[in-house]
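Here is the structure we will look at.
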Amino acid sequence: MRKWVYTFADGMAEGSAADVALLGSKGANLAEMSRIGLPVPPGFTITTDACNRALQDGEIPQRVREQVDAALRHCEIMSGKKFGAITNPLVVSVRSGARVSMPGMMDTVLNLGLNDETVEALSEQSGDERFAYDTYRRFIQMYATVVMGCDHALFEDILDAARENAGASRDNELGAEELRGIVKSYKNAIQDDLDETFPQDPKEQLWRTVEAVFKSWNNPRAATYRALHNIPVEWGTAVTVQAMVFGNSGRNSATGVAFTRNPSTGENVLFGEFLVDAQGEDVVAGFRTPDPLSIVDDKPGASMQERLPEPYKALTSLANDLEQHFGDMQDIEFTVEAGKLWLLQTRAGKRTAKAAIRIAIEMANSDVISRQTALMRVDASSLDQLLHPSIDPDAKRKIIASGLPASPGAACGEIVFSSADAVAAKAEGRDVILVRPETSPDDIQGMEAAVGILTSRGGMTSHAAVVARGMGKPCITGAGGMRIDKHNKALVTGGVMLRSGDYLTLDGNQGQVLEGKLPMVDSELSGDFATLMEWSDAERRLKVRTNADTPTEARVARNFQADGIGLCRTEHMFAEGERSNIMREMIVAETEEERRAVLDRLMPMQRSDFIELFEIMQGHPIAIRLFDPPLHDFLPKEEEAIRESAKTLGIDSSKMMRRVEELREINPMLGNRGVRLAICFPEIAEMQTRAIFEAAILAGKKSGELVVPEIVVPLVAYNAELEYIRTRIDKIADEVMASHDQKIEYLVGCIIELPRAAIRAELIAQSADFLSFGTNDLTQTTLGISRDDASTFLSTYLRKGVIQLDPFINLDVEGVGELMRIATERGRKTEPELLLGITGEHGGDPTSITFCEKLGLDYVSCSPYRVPIARLAAAQAAISKKAG
């Protein structure tokens, strides 16, 4: 017979910590604590399978009901009490428990089993009428709101009025008579609100509550939490029914939460709070301020250590036992009833990234866990918390808009609406937030000048997002609720109008736009962080490179010990100052001869950039992508800007306008760019190639390091395209090496960002020394989704369950990943030692890195500030692969 219910009590349990998928985290750990003999009130857990069956059938199956009845009888035997009895009644809690912690998302009911008769029995049994009626009024309120659907405020109003009439400031100052009156008022309010009497049958109370807790798995807040944390709906929730122990039964009773270590810092001390004469919801509701567990200087006499020394001593000992047993920092819920300590829950405690690293390192150094386990304990994505400034947690926030957390960190500054204004403000020493509908390569100087970027359009891999991550600046994209009035230089959002010069604060970690100037706290990288990175490097197989276009980005990446540059986007070198004007002059030139003359002026600048990058990277590989975007990206769009640019260049504005029109494309992402541009205008690629080889020779002579440049050809679809360009690259290499009388090694490869290239990788590999997966564009071309427009509908897809993950953040393994697998297999069929890497933003995503490890790629490449994340994620991927 299928088992739907598992009991636990007094040194025995039918389940264990290994049964988390079936019993949920709460039920599995209660079973484990019971099994090892810790003080846990008896109870039973109804499985996640039962939840799914009940939700599917619309009712709790009879077989489940029968097993619950049997488990309830077992609980009665173990507790020495009887459910619904008018003498010595058993009172229970009913709590949800998914396999992962979902704090506050689902429903709980305490003190179930009380009615007008059993409350009198509880009063007689305890000798405390006040306690009995306080417990009863708590139950009525929770049951009515969770199960019957009454508004919580209905009961709070009654309670507030009772406190006011009694002259009491706290609930525990109300006497038995007042609490009797509250119970009566509660029941009358339910009758008035629902035209239904409060149920007096404990069995009816139990079944209706179990049904309600099952249904809470699908309530809106739980569904939202699941979507945010990628928790599958089919997991379901378990329900644990447990004998109540009462923390509200007098001054020798209490309730609280304890962490075996400080969850903020990781310090190895017992940390937490408690309330005397209270139940768990009192801590959550905030009506009373909890006191510390351990003695603190500024609250003498308030701690549990001083007020309840024996239960505190027992808690300290049991906390240490639990941490040793589970091998991790624990978050413990406890109750003290009449001086006796009871444990109600334990789970791996939530912690900051800083605390997670310290705890993992200290536990490994103490041989509680292995180094590999320590690495697996730290959420790689959480390292973002340590690498960027953040908003002071004590600051009061006024959120006026929300968007996508495109680049982490926090910044505050004055609003500016143009790149020119941002540059001017920086020159004056002012911090600014650049606010734009979206950004383009023209905005690179403004983005560099700003401390943060905010756009109303775009997604997680839009231009603004990618460039901001590379710069290490906070960025929020796709803040669709904003309206930007460029002409009046105003931002309208959330009923607020802000103008140029007003202050904004951006929280790039959460995607929140905040009004005003909020205080910041700097990140701190501890010695434990360095140890974590050292251990990661010892475990990982994948090399971790960076996407870096500037010397500043390259230096940041090297400070984070990147293994090289996986993608240097050379077009960004043309977007600043005088170079942008020279670039425009080249674009409007009418003959190849004129273009070559202008490019001759750009070549020394490009060569100088490459020399500096080679010197910074100190012999580590640098993959330099040839010019990729369409030429019109570098031309102004608006008529006034076109005239101004023409004037600067000393040409007729009509000529500039004509060239803008000639180059305009309907769909530029799939237009004349990448290798197509190199074939149509070979002089651009030739200039860049010459600059690369000359820089490699000069940098190598200066430093004595072996410099092996990697030249990347973008947007290849046909092997013939790569062959055409490679022939010219090889020719220029020979010319440069001959003129300098020095031989150097170099690699030529291409980016796989079109499905055809992935499918034809076997042939393309004949002309390539390496293949690099450009997953930003490969995702766009595979799914037919523009990353800049995706935010308009992908959030709906995610909310409605059409897709589970944003494919521009987490690699689409089944689609894009399948193309990568095909390309890998076919490319290495031609050349078994073919170098393979990934350079899209997925290169810094831990789940995508796991896929790259399984696929057998050689490296991942990500923005500089994600290098530590990728180093840890690569180690975790290697450990997981070895474990099978």
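The backbone N, Cα and C atoms fix where each Cβ goes, glycine too.
Any TrEMBL annotation is an automated prediction that lacks curation.
Here's what TrEMBL has on this protein:
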DOMAIN    21-298  domain 'Pyruvate phosphate dikinase AMP/ATP-binding'
DOMAIN    313-363  domain 'Pyruvate phosphate dikinase AMP/ATP-binding'
DOMAIN    431-511  domain 'PEP-utilising enzyme mobile'
DOMAIN    526-877  domain 'PEP-utilising enzyme C-terminal'
BINDING   Arg569, Arg625, Glu753, Gly774, Thr775, Asn776, Asp777  substrate binding site
BINDING   Glu753, Asp777  Mg(2+) binding site
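Distribution of TrEMBL features across the structure.
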| residue | record | DSSP class |
| --- | --- | --- |
| Arg569 | substrate binding site | strand |
| Arg625 | substrate binding site | strand |
| Glu753 | substrate binding site | coil |
| Gly774 | substrate binding site | coil |
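In this structure, of the binding-site residues Glu753, Asp777, the smallest number of CB atoms within 10 A of the CB marks Asp777. Each of the binding-site residues Thr775, Asn776 was scored by the number of other CB atoms within 10 Å of its CB, and the largest score is that of Thr775. Per-residue pLDDT, averaged along the domain 'PEP-utilising enzyme mobile' (431-511), amounts to 86 for this model.
Each residue in Leu567, Asp628, Pro714, Ile751, Ser772, Leu778, Thr839, Gly840 lies on the same chain as Arg569, Arg625, Glu753, Gly774, Thr775, Asn776, Asp777 and has a C-beta within 8 Å of the C-beta centroid of that substrate site, without being one of the site residues. Taking every pair among Arg569, Arg625, Glu753, Gly774, Thr775, Asn776, Asp777, the residues recorded as binding substrate, the greatest CA to CA distance is 15 Å. For the domain 'PEP-utilising enzyme mobile' (431-511), the DSSP counts in helix, strand and coil order read 18 helix, 28 strand, 35 coil.
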